[in-house]
Amino acid sequence: MAIPAMPSGEEFKPEAAIVNYYGPSDMLGGHVDDMEADWTKPIVSISLGCKCIFLLGGKTRDEVPTAMFLRSGDIVLMAGEARERFHGVPRIFTESDQQEIPALISQLSSGDDVFILEYIKNSRININIRQVY
């Protein structure tokens with residue numbers, strides 16, 4: 001997923017991953033991912049579980065962000081100028097807010113899979129894969 005955003009002739013070398021867990025009332029405030037030595041490398045962000053609102057703002061907190069839904073399985077590629085922009089997750093949508101859940105019930109209703117179904121009804125995981133150097 002990172003290849004289209006890489007500088008010409010360079011290869012993406014994933015060196016670290018950050019896993020964010022969101023419970024029913026959790027959020028992630030606006031921030032910039034600025035700890036990597038080289039900001040020309042993209043961040044690949046994978047969403048699993050509950051859908052959420054993702055805000056992508058500007059280079060300052062004063063700029064109005066763009067809101068979008070992220071659903072389980074969505075991938076966001078933060079590259080180029082997006083690496084310098086504030087972003088965050090103000091809300092996740094749990095079981096009562098999700099239309100996608102009934103379709104999964106038949107697939108995850110056996111005894112061994114019930115714990116997975118209960119987890120995805122009320123939680124969200126986001127995995128951010130990045131090249132540090």
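Note: Cβ is positioned from N, Cα and C throughout, glycine not excepted.
Here's what TrEMBL has on this protein:
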DOMAIN    13-133  domain 'Fe2OG dioxygenase'
BINDING   H31, D33, H87  Fe cation binding site
(message) Give me the count of other Cβ atoms within 10 A of the Cβ belonging to H87 (Fe cation binding site).
(response) 21
(message) Using CB atoms and a 10 A radius, I'd like the single residue among the binding-site residues H31, D33 with the highest neighbour count.
(response) D33
(request) Just give the helix, strand and coil counts over the domain 'Fe2OG dioxygenase' (13-133), going by DSSP. (result) 22 helix, 47 strand, 52 coil
(request) Write out, in the order they occur in the sequence, the residues of the chain not among H31, D33, H87 that have a C-beta within 8 Å of the mean position of the C-beta atoms of the recorded Fe cation site. (result) G30, V32, D34, M78, R85, F86, G88
